[in-house]
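Have a look at the structure below, then the notes.
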């Protein structure tokens, strides 16, 4: 009677069915882990791209319909803000649409550069807007425009210089989705968000203090400051948690990133730029009515 030879495998043998299955399973898990740590899932990109595309379309339609209003307002400051808004919107749209660059080793430099320009443009809008409103000067003078942009540009320039040193000098992945173990990245973002939170919190403190007369009497300004204070506080809290290795901190920080890049520019436009032009034309109509009642246009009917 012949002997039947049955091959015996150990689970560690590469030829073993169990071993090959476990190797494939562990490889898939490693791949998913690497993708989740460096790349974002589809819904993440969709939440970024969809609002950015819709706002760019809305901004283009609004610009075509109100092109005369923008340039007949004779406000250098507001025209400059619309130009900055367009530049930042296009940069933010590119940043939201090119999320796969973050996962491509060959495009890491381009991704860092794009992220640097996008974040700096949005930060410049933040700082210059607050400086403009605190100055409480809504005239279209070039001197006010230059002074505002010089102050804002200096602060943003320092921020850009530090980020360039961190990213390209020390190799800190500020704009790369790494895990919470990279404490230096989250330490930098914690300090960055702390400074923004302190700035917005100080303005809110002054608003509720006896020095509130120093601030501009615009309700939209305080609504803007309150919203930005909440967003900055959440980002600061999330960065601090991520620096201590808490996974919830990374999730919360990603949520603030989605909210900021998808909603900040529309929020800025609705609460400030569109409101300013609407009030400007209401004032022009009021001035026209006062002059008409005073008889300045009676000679036109003679």
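Think of each number as a place in line: the chain as shown, counted from 1.
A Cβ is built for glycine as well, from the same backbone N, Cα and C atoms used for every other residue.
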5-28, 221-244 - the range that TrEMBL marks as transmembrane segment: 221-244
Range from 188-209, 221-244, 250-274 with the greatest count of C-beta pairs under 8 A to the transmembrane segment (110-134): 250-274
Residues from the same chain, set at least six apart from the ends of the transmembrane segment (221-244), whose C-beta lies under 8 A from its own: 126, 129-130, 133, 180, 183, 186-187, 189-190, 192-194, 196-197, 200-201, 203-204, 207, 215, 250, 252-253, 255-256, 259-260, 267-268, 271-272
Candidate ranges 41-64, 76-95, 146-176 - greatest C-beta contact count to the transmembrane segment (250-274) (under 8 angstroms): 41-64
Long-range Cβ neighbours of the transmembrane segment (41-64) (under 8 Å; 6 or more residues past either end): 70, 82, 85-86, 89-90, 92-93, 96-97, 99, 254, 258, 261-263, 265-266, 269, 274
